[in-house]
């Protein structure tokens with residue numbers, strides 16, 4: 001059966017094939033040769049899917065390393081290159097600018113060359129960007145490297161959650177989807193840890209490693225079966241799905257469900273911006289954009305990018321060590337969320353997370369406000385400093401339990417297959433634009449008023465509670481096709 005009869009599609013698929021098959025072990029596995037006994041190696045579907053997720057997780061690790069790099073290196077880079085606070089703020093935020101450009105292209109790239117091909121393309125500017133930073137003598141190479149990193153990360157941030165959602169069985173999709181954000185936090189923690197001991201130029205060279213490992217790893221995993229089905233590559237689609245579910249698993253029901261979904265989408269004309277006004281399109285897009293925007297407006301990236309500055313203003317002497325401690329806490333909390341998301345559900349974790357962030361940020365804001373009226377030599381000042389640090393850590397924990405991993409997961413789940421490229425690009429672009437806005441203003445807002453900055457973030461998190469309770473659907477335990485049917 002072919003999902004598309006257009007002859008031009010066959011020509012396009014010929015161009016895509018190098019991204020699909022070159023060196024892919026699943027092509028050997030599909031032959032089930034007695035010599036290789038591939039089915040014995042990957043019989044357990046959970047092992048097969050987990051292996052794929054762990055390989056693509058190198059992309060989010062790169063994402064996190066980019067986010068975490070600017071915090072431990074601020075003092076050294078500004079000293080070595082003679083940068084002002086404003087110039088370093090520009091450097092810190094330029095990854096977001098590059099990511100916006102990458103986000104615009106991400107949907108179309110992932111739709112044309114597939115999820116694997118998209119990640120291969122994203123890895124190249126990341127590698128070049130890190131090398132540019134490591135050899136920078138002035139702001140030009142520094143800024144160029146940060147932009148290139150951002151471009152690659154913008155593509156990664158869309159492609160990885162979509163790929164994971166499309167390969168994961170419904171019972172594991174929440175946990176596996178949360179691995180995306182868990183990997184981001186691991187990347188951040190590694191940047192914080194290595195930043196304690198390694199000069200900033202060497203740290204930039206180490207930033208090359210995730211994508212350097214990702215490129216060969218992609219040759220050993222199958223392409224997304226849903227993307228293959230959409231492209232009309234029927235044999236490849238069924239082969240990929242069989243490998244992901246195990247060679248002894250009956251995939252007939254899932255194959256037919258995906259075929260029906262793709263056939264239904266293929267009957268519709270290409271979606272344009274004007275078509276997004278229909279509820280089946282605008283509502284999931286609104287939910288996806290809303291969650292991803294509120295994730296950033298809550299200030300988490302501002303806190304992470306400039307955590308050393310925040311701890312210094314709180315009176316912590318070893319601010320970089322404290323920042324690494326926050327990174328460890330973030331990894332642990334995100335790991336807990338990964339375990340809970342398919343048990344407790346998405347909505348409950350989002351509610352707990354946003355409420356916890358609101359309370360934590362209010363505590364931090366009050367502590368900073370009160371410090372203005374207390375002598376720096378008093379015990380009360382030290383107590384308030386510790387309260388503000390505890391509040392920041394509590395905010396990071398709360399975010400990691402829900403608002404960190406789940407918005408990307410829900411975005412990858414709720415967007416209809418025929419608008420996923422367009423709508424996913426829009427949602428990812430808005431996320432990175434707001435991230436840039438928060439990152440660009442965080443240092444200046446903290447210099448203006450630490451208490452005022454955290455008050456603004458707290459108000460946003462309070463609104464997030466309302467947004468989740470009114471508009472975010474529960475997707476736990478549903479197939480992607482069942483989720484999309486909710487909006488019809």
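Using the three backbone atoms N, Cα and C, a Cβ is placed for every residue, glycine included.
Taken from Swiss-Prot, the feature transmembrane segment covers 47-67 (among others). Within its own chain, the transmembrane segment (47-67) has Cβ neighbours under 8 Å at 95, 119, 122-123, 126, 149-150, 152-153, 156-157, 159-160, 163-164, 167-169, 172, 176, 179-191, 207, 210-211, 213-214, 217-218, 220-222, 243-246, 301, 304-305, counting only residues six or more beyond its boundaries.
Positions annotated as transmembrane segment by Swiss-Prot: 90-110 (among others).
Residues 16, 19-20, 56, 59, 62, 66, 81, 98, 102, 106, 109-110, 142, 144-153, 155-156, 159-160, 163, 201-202, 204-205, 207-208, 210-212, 214-215, 218, 221, 223 of the same chain lie 6+ residues outside the transmembrane segment (116-136) yet bring a C-beta within less than 8 angstroms of a C-beta in it. Marked as transmembrane segment by Swiss-Prot on the basis of sequence analysis: 116-136 (among others).
Swiss-Prot lists 147-167 (among others) with the feature transmembrane segment.
Long-range neighbours of the transmembrane segment (179-199) within the same chain, counting only residues 6 or more positions beyond its ends whose Cβ lies under 8 Å from a Cβ of the stretch, are 53-54, 57-69, 71-73, 76, 160-161, 164, 206-207, 210, 304, 320-321, 323-324, 326-328, 330-331, 334-335, 337-338, 400, 404-405, 408-409. Here Swiss-Prot flags 179-199 (among others) as transmembrane segment, drawing on sequence analysis.
Residues or ranges marked as transmembrane segment in Swiss-Prot: 202-222 (among others).
Residues or ranges marked as transmembrane segment in Swiss-Prot: 285-305 (among others).
As annotated by Swiss-Prot, transmembrane segment applies to 321-341 (among others), with the evidence given as sequence analysis.
For the transmembrane segment (348-368), same-chain residues at least 6 beyond its ends with a Cβ under 8 Å from one of its own Cβ atoms are 291, 294, 298-299, 313-314, 337, 340-341, 384-385, 387-388, 390-392, 394-395, 397-404, 406, 449-455, 457-458, 461-462, 464-465, 468-469, 472. As annotated by Swiss-Prot, transmembrane segment applies to 348-368 (among others), with the evidence given as sequence analysis.
The transmembrane segment annotation in Swiss-Prot covers 390-410 (among others) and rests on sequence analysis. Tertiary neighbourhood of the transmembrane segment (390-410): same-chain residues 157, 161, 165, 173-174, 177-178, 180-182, 184-185, 287-288, 291-292, 294-295, 298, 300, 303-304, 307, 310-311, 314, 325-326, 329-330, 333-334, 336-338, 340-341, 346, 349-357, 359-361, 363-364, 367, 431, 464, 472, 475, selected by CB-CB distance under 8 Å and a gap of 6+ residues from either end.
Residues or ranges marked as transmembrane segment by Swiss-Prot on the basis of sequence analysis: 426-446 (among others).
Taken from Swiss-Prot, the feature transmembrane segment applies to 452-472 (among others).
Under 8 Å from some Cβ of the transmembrane segment (452-472) lie the Cβ atoms of residues 286-287, 290-291, 294, 297-299, 302, 346-347, 350-351, 354-355, 357-358, 361-362, 364-365, 368, 403, 410, 442, 445-446, all in the same chain and six or more residues away from its ends.
The stretch with the most CB contacts under 8 Å to the transmembrane segment (147-167), chosen from 90-110, 202-222, 285-305, 321-341, 426-446, is 90-110.
Sequence-distant contacts of the transmembrane segment (285-305) (same chain, at least 6 residues past either end, Cβ-Cβ under 8 Å): 67-68, 70-71, 92, 188, 276, 326, 350, 354, 357, 361, 392, 395-396, 399, 403-404, 406-408, 410-411, 414-415, 419, 423-424, 426-428, 430-431, 434-435, 437-439, 441-442, 445, 453-454, 456-457, 460-461, 463-464, 467-468, 471-473. When the stretches 202-222, 321-341, 426-446 are ranked by Cβ pairs under 8 Å to the transmembrane segment (90-110), first place goes to 426-446.
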